[in-house]
Each structure stands twice: as structure tokens, then as C-alpha cells.
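Take a look at the structure below.
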Amino acid sequence: RCAGRVEVFYENQWGTVCDDHWGLENARVVCRQLGCGVALSAPTAGHFRAGSGPIWLDDVNCLGTEVALSHCRSKGWGNNNCHHGEDAGVVCSGNILQTLWGFHGPPLVPSVDSSSPSMDTPAGPAEVRLVGGPNHCSGRVEVMHDRQWGTVCDDDWSFSDASVVCRQLGCG
């Protein structure tokens, strides 16, 4: 099942989301963004074990209809009064095709736009998808820009770049 601690990528570093005000509306957005079906629950208090590194988001307030977690209001990037025992999680109805981590569930990693230092106003997501492969974890890389999908040029494309895309999509 698609279930785990929610993590976001910002300023070239993975970090967690604090569970203050975390609820089903927030989980709905994460599950939808990851293509994991509908949200069944929004576990709190580090249910999927405490993460490490920065706590990027706190007081996330989604309506439940947003297309991405980065469209929800929050305190802004890195502004929090939390510790990792308060890391937020989600349980979605869909399945993850492969096990990504060796504990209670993989970190779920919605894509976010790291260009905005604050989320007091919603920021557009850095949406990424793979097209033309046999499953959602392989194919041609495309990104959403100005409400249109486009391809990514392979000039200077590296394994590191591919790894970021794979992690963003929850593909290991």
C-alpha cells in the first residue's frame, strides 16, 4: 500500500513535514499528487518513524482539492516549532510497486517548487512524470510548465538527475 512518512525536496535536501494541523485534507493532496489513490488516514506523531534532516513544512493547511502539497498554505519553508517525533504521514488506498525503504513504509515524496522561500502564498509545483515506459517508474522525463507538459533535454543529464526524478516519483 502507498503509506509512509511524507518528505519533500527543497534546496537540494530532503526534509519532513510536521504534523501540526495535519489531517485528511492534507493527506488527500499527497495521495492524489503521488497517484496513490484516495487518502485513508493521516498518521501523526512520527507513526512511520522519525525522519532526519530539516523539517521543511509546518502548519500545512490544505483544502483537500489542491493538485500539489506546494499549493497548500503553511508557515513557509523551514519555519517550524517541531521535532522529528511529529513527522506527518499518509496512508493511501493505492499500491506502491516496489519497496523503497526497509522500515514501516517508504517516505512519500511529493514534488515541490524550491524556488519560493515562503508558502504564505501558494507556489507552483515542480511536477514531473515519466511517459512511454512499461510502468510509472520508467520512461521519458517530462515536466509541467505553464500548464503544459514538456520534455527535458538530455544535455549534461546525469545519474544524479535521474535519481532526483526517481525519488520525486517514489520510485527509489
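Every residue gets a Cβ built from N, Cα and C, even glycine.
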Cysteine of C2, C18, C153 paired with C82 via disulfide, per TrEMBL: C18
Recorded disulfide partner - C31, candidates C92, C137, C153, source TrEMBL: C92
Residue pair C72 (disulfide bond), C18 (disulfide bond) - Cα distance, angstrom, rounded: 14
Shortest C-alpha distance to C92 (disulfide bond) - which of the disulfide-bonded residues C18, C62, C82: C62
C62 (disulfide bond) and C18 (disulfide bond), Cα-Cα, nearest whole angstrom: 14
Set of same-chain residues at least 6 away whose C-beta sits under 8 angstroms from C82 (disulfide bond): C18, D19, D20, I55, D58
